[in-house]
Amino acid sequence: MQFLHTAIHLQKPIAHLNDSPFLQQFKKTSNKFPVHIPPHPIPFLPHPPPHTPHSPLPNTPRQPECHPPQRQAITVLCPLIDLLILSFGRAKEGSAVPEVEMAVRLSVVVHLQTDGVARGDSGLTWRGTFPQMTQVSVCFRVFLLQTRETNYVVSYAIESHSNEIFVEPVTVVKIAGQEIRFGCCGDKVYQTFGMDVPLMTWIQVCFSLDIGARTLRFQSSEQEGVAMSLSRSPPESVSAGGLLMLGQDQDTVGGSTEAAQSLHGYLQDLVILNRSLSGAEMKAFTACARWGGWASVLVDFRNIEEAFSFGAVTSVVDLGYGDACVGLRVNVALFPETRDFQSSRFFCEALGGSVVLPRRQLENDYVTYLGKKYCEGARMWLGAEYQPGREYVETGTNHTLAYESWDHEVKGMDNSFAVLYTKRAIGERNWGISTPERKLCTTCGHTEPFALKVRGLCKETKFDKKFLIHSYSNRKPAFVGFVSSNLTWIAYNITQDLFAGYWRLFLTARPDIQAEMVMETRYSYPVGTHTWAVSNDICAGDVKKLKFTTCGAGMFTCDDGSCVNVTLRCDKKVDCADSSDEERCNPVLIPAGYDRAIPPPFIEHTFPADIVIEVDFRFIRTIQISDFSLSLDLRLSRRWKDGRLRFRNLRANMSQNVVEDLRQVWLPELTLAGADHLVADANERKELNFVDRQGQPLEDDDAELDEDQLYSGAQNDLIAVREYTLQLQCYYNLAHYPFDTQRCPLYIILAKYTSDLFIVRINKFGFSGNQRHHEYVVRDIFVTNLTLDNYAAQRLELVLRNQYIYYISAAYVPSCMLLVISYLTYFFDVEDFSNRVTVALTSLLVLATLFSELVGGLPKTSYLKLIDVWFLGCIVASFLMVMCLVIIDKRKKEGVGKKFAGQWAVTSVEPQGKVGGGAKKARGCRGVSRTQLNAVLKIAIPVVFGAFVILYCAFVMNALSG
């Protein structure tokens with residue numbers, strides 16, 4: 001087949017173009033090699049069916065008809081003729097097309113590995129030989145359908161050097177990742193050029209090497225030319241006599257090819273020359289401008305069958321609309337199920353695109369062709385809607401339509417959308433309008449290939465994790481994996497019911513490794529989350545959920561395939577239409593094989609590991625002094641790290657990272673004990689679990705079903721919060737009661753693990769509740785770190801001070817008042833004994849009664865309390881005052897009728913038996929009267945009782961300072 005580059009001066013209607021001489025030559029040679037029509041690739045479909053005669057649109061020339069015999073002979077040419085007509089503009093019927101000089105190029109496209117299976121025996125082998133060269137140029141267009149470990153386009157080897165190490169005189173062009181590499185001449189020329197190398201997109205490049213000038217130039221369709229000087233010692237030349245292979249890497253001449261170093265895709269317009277192309281020539285090639293007629297061409301696709309040996313599953317194909325130089329820049333996928341407009345829009349957005357809207361005639365013809373072939377209905381939705389005041393605009397952007405093809409004058413109607421009539425002939429005006437509730441075919445468009453990622457497969461899976469929509473299977477779009485998988489629709493009986501079947505994911509080289517999607521409805525697509533039955537894959541589990549998504553970084557995929565911002569995930573607000581953003585929200589991810597009985601591994605090999613505790617006393621319920629017990633409420637939280645776990649979607653606010661259940665996770669067990677380490681009775685009232693975000697999120701793991709932000713358990717704390725009511729033992733010392741201060745211990749002991757493995761550390765403690773009990777108030781809390789029987793523990797001592805104000809008002813003040821009343825009797829008339837003693841006795845009795853009542857409510861102890869001492873002193877004082885009153889009255893009665901009534905006196909003492917001058921006379925003191933004695937007691941009683949009070953207060957102050 002000849003490679004045709006001919007300039008044509010069109011001076012007559014295009015309908016006569018088939019009679020041109022160069023076409024006659026092409027017809028003669030077009031049947032010399034096999035032509036394979038691929039099964040409807042997308043967006044590169046076969047040429048549209050032959051046009052049927054129809055009334056031309058206004059200002060549109062009649063298009064030529066490609067009749068079946070002609071179609072067989074010029075299977076590549078007809079679609080290009082169609083495109084040429086479209087490019088000329090519109091003219092009246094029967095008028096001559098304006099004279100236009102343009103290049104008509106009949107391209108040959110080779111499909112490598114048509115079955116999609118990586119293999120080492122595919123590709124093309126050139127039958128010629130290279131001469132020795134000091135200049136060489138390589139140009140080609142390549143369309144990668146899948147990627148291999150390396151994607152070799154050209155490999156040239158001689159006996160002394162293999163491809164693999166790029167030794168002289170190997171010329172290799174290899175595409176991988178985001179760069180394209182050129183190597184030559186035994187590694188003496190090796191250069192990498194950065195550029196995007198996406199799948200299912202035409203890549204058009206040229207290399208030009210001039211060894212004498214020591215320059216290497218590179219040109220692609222996406223960037224300006226690059227010229228580089230050879231930095232290494234330049235080779236003398238490219239050696240002659242080697243073997244050229246296309247689509248395979250050869251490690252020995254013609255052999256040692258590998259499936260992993262092959263090419264799966266389309267190769268078009270390959271040209272190798274033994275001269276250096278100019279920058280203008282390279283740019284013309286990559287821009288699909290006029291090129292050809294080049295001198296010194298060694299290899300091209302003219303007479304391809306005679307020039308090349310075809311490997312396995314390698315054939316020449318007709319891409320029609322998909323030709324590299326056709327210029328179709330939209331990716332379109334038609335789905336035969338009918339939907340209303342909003343459902344169609346939602347579905348297309350879930351695929352990362354939008355409802356298709358052609359922006360030029362070529363795109364409209366292409367969409368029409370798809371509709372004719374795959375839409376059983378007569379209409380499909382277009383992405384245009386009526387906007388009052390602006391007529392029809394693009395849906396979603398509200399931009400004015402750049403192109404329109406209404407079949408008649410359209411009158412705007414509220415709530416109406418554009419549709420395309422699929423039954424109209426290609427090239428005719430075929431747009432109309434419809435209301436959104438109608439169910440029509442859905443066609444989605446995108447500026448990039450439709451790409452889906454798979455989540456939920458393990459890292460070792462054999463399946464691909466990235467897919468592109470390309471071609472059709474059983475009249476539904478097929479999904480092609482980046483490397484080795486296909487996802488296609490399997491219909492049970494396509495002639496009777498297209499929509500009865502299932503989606504099947506399989507390896508092209510190993511069809512037994514497969515997964516079948518469980519169909520929720522007849523119209524389900526592998527978009528969003530679905531259940532799959534997996535067979536023979538390395539990942540564990542025969543049934544698992546997988547998620548196919550088009551959502552980008554920072555987005556969460558709802559189960560229906562729609563996208564929302566990942567920050568809206570698990571925020572207690574429904575953002576997905578199916579509420580799936582608020583499902584699977586437990587922040588703790590437990591790996592397979594996790595054993596909660598085994599403590600977590602040590603972080604960074606630090607021994608012992610920390611268990612951080614926070615204690616918050618909330619309320620003192622009861623203080624049972626008689627039972628030596630204390631009942632209180634406290635909040636106890638434990639913090640620890642478990643490197644085996646991972647957390648997801650943690651918020652900066654810890655209260656939003658709630659863990660519903662920690663029963664499957666290792667939890668540090670704590671024992672709570674009171675005095676003498678007696679275990680407390682603990683009644684758990686509330687359980688809360690959190691994760692405290694401290695570290696940075698990990699890299700996204702597509703083995704997880706959801707696009708969650710994951711955090712390592714080694715960098716973020718698990719927090720278990722428990723609220724208890726505790727009944728503690730506490731030994732009370734009441735010697736200073738009611739001015740006593742009690743100290744009640746609480747021991748927190750880490751059970752099961754000795755202190756060389758784990759330690760307990762209290763980070764925070766306090767009393768956040770009401771610190772006042774009706775009798776005691778919390779004065780302070782002390783913490784002591786200790787070890788009990790080789791177990792780490794913490795001792796918290798709760799200091800309680802008695803609120804003695806009650807006793808001052810109820811005991812001390814009344815008792816003092818009674819003593820004062822008793823004392824006041826000494827100011828009564830000394831002759832009024834009856835009233836004096838009555839008042840004093842009454843005070844004594846009242847004081848005794850008060851003491852009896854207070855003692856009945858006080859704890860009974862074997863020792864005296866300060867309050868006992870007080871009452872005992874008061875009663876004794878009151879009793880002594882009564883006794884003094886009696887003594888005063890007694891003195892009065894014994895002195896009645898004597899000369900010195902009411903007085904006692906001693907005048908002299910004379911020994912018996914001695915009278916007269918031998919005797920000595922003893923002089924005595926004068927007697928004390930009742931009034932004088934009463935006056936003395938008025939002073940003595942306050943002094944003595946005051947001394948008692950001072951001594952008592954000293955003991956009280958000592959007690960209060962303790």
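Here the Cβ of each residue, glycine as well, is placed from N, Cα and C on the backbone.
The annotation compositional bias 'Pro residues' is assigned in TrEMBL to 42-61. Here TrEMBL flags C551-C563, C558-C576, C570-C585 as disulfide bond. Summarising the annotation, TrEMBL assigns domain 'Pentraxin (PTX)' to 113-315. The region 'Disordered' annotation in TrEMBL covers 42-68. As annotated by TrEMBL, transmembrane segment applies to 804-826, 838-857, 869-888, 939-960.
Among 804-826, 869-888, 939-960, 804-826 has the largest number of CB pairs under 8 A with the transmembrane segment (838-857). Each of the disulfide-bonded residues C551, C558, C570, C576, C585 was scored by the number of other CB atoms within 10 A of its CB, and the lowest score belongs to C585. Its Cβ placed at the centre, C563 (disulfide bond) has 19 other Cβ atoms within 10 Å. Between the CA atoms of C563 (disulfide bond) and C576 (disulfide bond) there is a gap of 8 Å.
Straight-line distance linking the Cα atoms of C585 (disulfide bond) and C558 (disulfide bond), rounded to a whole number, equals 13 Å. With a threshold of 8 Å between CB atoms, the same-chain residues lying at least 6 positions outside the transmembrane segment (869-888) that come near it are 811-812, 815-816, 818-819, 822-823, 825-826, 830, 833, 836-837, 840-841, 843-844, 847-848, 850-851, 854-855, 930, 933-934, 937, 941, 944-945, 948, 952, 955. When the Cα atoms are compared, C570 (disulfide bond) and C558 (disulfide bond) turn out to be 12 Å apart. Residue pair C558 (disulfide bond) / C551 (disulfide bond) shows a Cα separation of 10 Å. Annotated pair C576 (disulfide bond) and C551 (disulfide bond), C-alpha to C-alpha distance, rounded: 13 Å.
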